[in-house]
């Protein structure tokens, strides 16, 4: 079998390797590809603060520090409350075993996942906002209009809670991202935030319809409180579909 000579490449050419986890670039001269593996220089891959790998990549792979793991588990343990805290609006209307805050946010994230493409819209960001928008309720609970808390005070309490949660997480890039996503939703400052706000209302009236069907109740309050408040074409369309199904059901019961 003939053995080909190594391909010689100009030293000026480089191969750009991109790390998906950090979106940072490392440069490896292509001339090193002609060298035996044992003599090639190692290229370190940048990692996010507090991140690491399992060690499967050998002794040069970064490891997760115990403090980082501890902060992550502390944060996730606190977020467990989102799974166990029931949405107060349903409790106030006598719904047995109602959905949790986490249930609500999860279906909103699914809404972002399945919505049709919208020019200029960042679908992944919508999903992140949906997951984060009620996260402070892990500390402050589900504050509803019936509680009589002014909107500004509710926002202040939630911001304070979010700050505490981000301290528990240990700060850093992920904590900053959570703060940014929450503020974007709170201020309705982007196309993504507006769509997720619509999903928040659509999810609520869809859940109201489901509880009406399951428990034989009439939950007009939730439909009246959202009427005319949808901002996006997707939100308006989906809300109209929910309302149409409700009207059909009510008509059949009349």
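Any Cβ shown, glycine's included, is placed from N, Cα and C.
Taken from TrEMBL, the feature compositional bias 'Low complexity' applies to 50-66.
The predicted model assigns the domain 'HD' (101-205) a mean pLDDT of 97. What TrEMBL lists as domain 'HD' is 101-205.
Per TrEMBL, the feature region 'Disordered' maps to 46-66.
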DSSP residue counts for the domain 'HD' (101-205), split into helix, strand and coil: 79 helix, 0 strand, 26 coil
